[in-house]
Amino acid sequence: MAHCKTEQDDWLLAHLKYLLFIFNFFFWVGGAAVMAVGIWTLVEKSGYLSILASSTFAASAYILIFVGGLVMTTGFLGFGAIIREQKSCLSTYFCLLLVIFLVELVAGVLAHVYYQRLSDELKWHLNSTLTEHYGQPRAAEITASVDRLQQDFKCCGSNSSADWQHSAYILSQEALGRQVPDSCCKTVVARCGQRAHPSNIYKVEGGCMAKLEQFVADHLLLMGAVGIGVACLQICGMVLTCCLHRRLQQQFY
């Protein structure tokens, strides 16, 4: 009878290890995905950071990279703890899972709280950037960011192409008679902005503001989806870790 119980204990222990090992693999992959999203945000979308002004957007990318790195490091620790069957390592692994889960929870709450604030900042700062800073001396980075924004999102002006009529750049001699910057043109050629006709200029309802807001919303949605996926995995992982730790403790005694 005792022999059967020992075999059953070994069977349960082996299956718990396999399940936790599989979880840890997907958890590690999830961490790599989180880090990849953060790096992608900084590399591919860094051209918009000078327009966004608020540090919230850039900070979110750095947080993703940090959390992703922490998840991957925790994953490596998890593999070692599972293979060695060390209770102390499993306890550390569980604590790290819990810390990461709490960080994700706090980040999710802050993202929800600050989204409206970020949206309001975008509306004010984008219009200010277009009218006051575009095309000005020592504002080459901002000018390049606005040009890229208008070409990538196929838009013109903050709310419409009419916003450019009051900009410092269009009213200056450097504009050379342009009604809008050349980056507003569907086909960019030299001085194409002199003719602000719908066949030549992007006339998008809501202008670049609507496009930029959608970009930020999609970015936060992607972060949220990845975060929720990793958080769900963590709950499963914490349960499996507790079960394996308890089984090892019972086996020891």
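If you go along the chain as it appears here, the first residue is 1 and each next one adds 1.
Glycine is treated like the rest: Cβ placed from N, Cα and C.
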In Swiss-Prot, the member of Asn127, Asn159 to which N-linked glycosylation site is assigned:
Asn127
Quick one: give me the count of other CB atoms within 10 A of the CB of Asn127 (N-linked glycosylation site).
19
Against the transmembrane segment (93-113), which of these stretches has the most C-beta pairs under 8 Å: 19-39, 63-83, 220-240?
220-240
Which of the three DSSP-derived classes (helix, strand, coil) applies to Asn127 (N-linked glycosylation site)?
helix
In the same chain, who gets a Cβ under 8 Å from the transmembrane segment (63-83) while lying at least 6 residues past its ends?
17, 20-21, 24-25, 27-28, 30-39, 41-42, 89-90, 92-93, 96-97, 100, 103-104, 107, 223, 230, 237, 244
Which residues, given as numbers and ranges, are at least 6 beyond the ends of the transmembrane segment (19-39) yet have a Cβ under 8 Å from it?
61-65, 67-72, 74-76, 78-79, 82, 222-223, 226-227, 229-230, 233-234, 236-237, 240-241, 244
